[in-house]
Structure formats: structure tokens, C-alpha cells
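The active site, nucleophile annotation in TrEMBL covers B:184. The substrate binding site feature in TrEMBL is assigned to B:146, B:173, B:184, B:263, B:387, B:392.
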């Protein structure tokens, strides 16, 4: 057995990790816009990147390096360094060459507007403000935000039966372009667990499916999505099940926080799809629901419009029919295998559920036993406002 | 050779066809909410229906009849008669049994809220107000509207070299849930051409691909989509090429009108995708662009944010890369095979294009010669407003 305890400290909770955020003048009003994570020991790296074909320069830069260890990640917001070609990759090399000598094989990660070269001079000047012995995880988490309205971080201490313990800490940014296939979201996770590199990658891949890849704000997939997990093994402690459970808790929390903080979102909705032909079809339905504009605007209007749910299930391209479908809002069953339970009393109760900040919509397709759970939000005026004006 | 001339009269332009719209009290304020189309001769029918698995009762009712001719379609707005099971189909039979004896094998078509039984008594009472000798195509086109802000109809006279002529007329409703795979849109087309039934179906299928199936408002696919083409052959005239060209003009016009009148839409944007691996991949890109929330909100903000275009192309799941992609707004090339042509002067010109009511966004993927053209609109506050409050 093992014991998980949530602790403070974000990415600095794991021993040997340092982080901070500074203002390099990329954002206006002296807001923090550059962050670093530094480890005093070299780290193994596990990673998951966007499936977008227009992959951004920082990801190309990483993938070109092959097998290596690092002790440093530089992160900037406001500019994604995407669609910038070879020049974008060269810009990264030039920026990273200005870092202090303690830094080995540094990486870069970017988020912001697509299609503009990085403001290199500002960023290089910004790196001079970094203090590698600083442990301000809050400042780092704030610096990587774009349209996020709050910063997102979490950490766990994991205590094993043998008395040893290790830590996992993380920070993330999300907000818009969040989508099934991991959209403009960055997530950096640190651990001092003594985890084997290939096992760490396998676990990260597995956990990503039911957490970040189950979260959707607007169905758009960005050029820059990155989840990066660094382990410096300084704790000398590890247990696979405990590590996986802690990582799942961390990534699920951050995925839900991203959806809850989706641009203009006011509700976090859990879509529980069961009874599908297989898990893949269940996933397709869950994502169709979390991405549907008609469903999202009905959520915003707090309208228990179950007909739109049914229609979206029917349009998801999976095996489904109205005679075997069942739809519930939280525990309220509004439609059950061809029978409409939606009289005035039920509508009143369902409307009350829709007014909650968090609730679930369950669809049992009644075909077989495939299941998947996804997380989505509503879409209101604020989303339009934020995205109509994003570049300016 | 042949000559196409646009004429008035909508579905009543074709000889032997009658239509009207009345108020049966389904909509408030005595607005028209029921329409009919009647022909004094029995008609062959060609049809295309939704791909949604939760197919609405009127479509089930039609499909269950097998091979037949008809001379009457009853259409109601405000209630879709979807997710109503066998009872929904029985309601249709009961309603249609109250029609006058001139009516043979009548059909019904519905649009509106999903998941409620039809108000049968109101509809039956409404049918008593029909006058089968009335030719008020405008009233019929208004009666089938839901959130449409204007009615949509068009007709052509087709004159052949031998001096004979035939006519095609149509009306449609669209607005929300318009999507690649034909979403809540109804379109009724009449013709007096002496067209063979199976050839008419083949032509309708072909023309649908590049017209209604290329139009998207919000990417949601309804339970009720219907395109129905009735021919009564009273003209004794026909030419395949002329018929197909006239039908294409009619359906493209109505598809574009639907997008232009998309809920809250202020712009009609043509997405021209070329250079894809094949036509299917081009279609996937064109539809990804016309459905992307980030692109649609950028259009609403009149922001020439070509980076979102590139990102959406990259996320469409097709062969693409930044070195061979070219993006243009009308004739302005903003990004060309890795080179960003987006200085301040270009941005000003591109912004001017974005302020137009109609413009095109072209993406040449530079891979092979697949192409597809789709039609989309922007998404603004009005869409949210309309859809947050739709049922009430």
C-alpha cells in the first residue's frame, strides 16, 4: 500500500527542482511572460506532443535532438513560434546559447500567436533575469498563462510502505484551443521518483488518454501542445502503481481545471458515455458531445435540451438508435430507451441541475459495453469576445 | 444548347404545382408554421436525408413506404417530431388521414425542437385551412422557417433548342445545425421536367455533394435534414445537362443563402482548398476550416489571423506541411510555402478583405491536385444568444 498526500509547491515540490517566472516585456503591463524549470541533476524526459501537422518550432527542436537528458526548460507565452520554418528553430538555438553554463541541453516551449517570429532580443534579455536558485512555482505558473484566468498547479507526496517517498509536481496552462487531441495546452511535470525512462513514457501515454485527451474547450487542436515530465531520481524511491495513480490525479485535476477555465466557460460538464459498441465509439460520442456548439450553447443557456444531446449522439458516426439510448442529467433520467421522462416536473428538476457549476450528462447507448468519460464546458459570449479580439 | 432564366414563383413556378403557408398556432404571434406543396399530377420523388442515426419520424415514415408516387407534402415548423419513436410515426399517419381525397400518398416533413410529440390536434385543424388551389409560394417558404431571418426560394425556366421548356422551383429553410452532412435544413424542389426517376435521384445525389453538403453553419448534423425533389412531368420537356445545371444553380444558391443566414452570421466565406492529396482530403480541410470555432470567431472579429487557418489545416488529419502550404485572403497571399508575407501593409489590406460581407480564403496544400470548395460563416454573439434560448 501507499499513501498520496496533496502538497503545495507545484513544480518545485519535487526535490532538486527550481522554477520562476519573470517579465520580459512580451505581455503588456509588465505581466510575467517567461518561466523556467531547472533541476540540479540531469533529468530523464517523457513527453506527449500535438498531433497537428503544422508542429511548432519548439517541438521540432526537441524532436531533432534524439535521446538526451536535460536540466532546463525555458517557456514563453504570447508567441507560439509556429509556422516560422527553419528560422524558428534557429531562433531557439540562438536564445538557448545565452543561458548560463549550469544549464545542460536546454529545451524551449512556447504558446501564443501563431505565425510570427519570436522577439529574440527581448527573450534573451529576459533570460538574464532568471535566478536558478529561485523556487517560485506560482510565478512560473502565472508566466505561462495566455487567456487563462487563473494559474494551474498541483503536487503530491507519495509515501510507500518501506517508508521511502517521492514527489510529483506540475503546472499547466490551457484556456482556448483545448481539444481531444491535446490543444494549446502546456503542462510541465517534475518528479524526484526513481522511475525508469521508458516506463515513465508508457505511463504518461496511458494517463494522457483519459485526462488531457478527454478534455475539450472548443475542438480546435493547436500547433504547440506539450506535456513534459522530467524525473531527476533524487528521491531514490519509486512504485509503479503509486506513481501512476498520483500522475493520473495530477493530470486529471489539471485537465479539469483547464476546461473549467476554458475561454468564457462557466460550467464544467462530465460526459459519461457507456453502452457503446466499444471504447473507441464511446470516446467518439463523448467528444462529439463536448465539442458540439449546439450542446455547448444549451449548457450556457442552462437549458436541459436533451434533444440536442440525442441528435449529437446520432450524428457521431457510431452505432446508436433511439430505442436503446438513455440520457440522464446527473441522476435524473430524462429519456430512457424510447420513453420520454420529460414532463414539467422533470424539466424543472433538470433545469436545476443545469444551473450547477459542475454536473454530468450520461448517455447509455445500450449497444454493448464500451465506455469513455470526457470533460467539456459551455460556450458563451465571453468565448466569442476573447477569440474575436485575440491577436489585438 | 439551352438557356436558363431565373424566374419568380418558387415551388409554384413549375407547372401543376400549388403551395401555401398558414398559421396553426404552433409558433406564437400567428406566424405561419404549416405549409403544403400539392401537384395535380402524381410525382416521382428523389430524396436525400440526414446521416444522423436518430432519424426523425417523418423520414422513417417516408422510408417505410417503399416505392411510390405522391402529390402532396405537409410541412410544419416548431416541432421536429424526432426521438418520438413509433408514436411519432403513428402521429403522422393520423394527421395525414385527415387530408382531402385529392391527396394521394401524402408525405410529412418537420423541423423544430427535438424530443416532443407533435401537437396533433393543432396540426389537423391547420390542414383544414389549406386551399389546394392556392399558389402562394412565398407564404409556404415563410411557414417552414425556424430561426431563419429571411425566406429562401428560387426558380429557373430552362429553354431547350427544340423550343420546349421546363421549370425547376425550390424553397428551403436553414439557419442553425447546418453542417457538412446536411443539418437541419429542409429543401423542397419541384419540377415539371419529364425526367426519369432514377436519373433524377443520381443527379440529386451528385449535386448535393458540392452544394448543401459543402455548407456549414455550426458543424452539427440534425435528425431531420431533407432534400426532396418532386417531378410531375407535365412539361414533356427534358435535357440532362440543362436539368443538372439548373438544379446545381438552385441548390448552390439555397446552400449559400442558408450559410449567409446562419444563426447570427454576418459573413459568407468561401473556403477554396486545392493541392490536397485527393478530393476527399481537400474536403476534410475545407470542412475543418468552415467548422473551426477559432476561425469563425476570428472572422467575426474581422481579424486576418492566418495562423489559425494554418493550425486548422494542420489539425484536419490530412497530409500537409508548412513548407508547401500557401494561404490567401481573396487574391492576397499572406503565407507562401514557408514565407510569411504579412507585414503591416499586408495586414492592413487583409483586414480590409475581412470587413467584406463575402470573401474567400484559399489554402493550397501543395501536395497533389485534390480540391474542394466549402461555404461557411462567422460566429458571433447572436449565435450564442439564439442557441442559448432556443427552446423558450
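Each Cβ is built from the backbone N, Cα and C atoms, and glycine gets one as well.
Features per TrEMBL, on structure.
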{"residue": "B:146", "record": "substrate binding site", "Cβ within 10 Å": "21"}
{"residue": "B:173", "record": "substrate binding site", "Cβ within 10 Å": "26"}
{"residue": "B:184", "record": "active site, nucleophile", "Cβ within 10 Å": "32"}
The residue listed as 'active site, nucleophile' to residue B:173 (substrate binding site) - Cα separation in whole Å: 8
In three-state DSSP terms, the structure that the residue listed as 'active site, nucleophile' belongs to: coil
Conformational class of residue B:146 (substrate binding site) under the three-state DSSP mapping: coil
Structural state of residue B:173 (substrate binding site), classified by DSSP into three states: strand
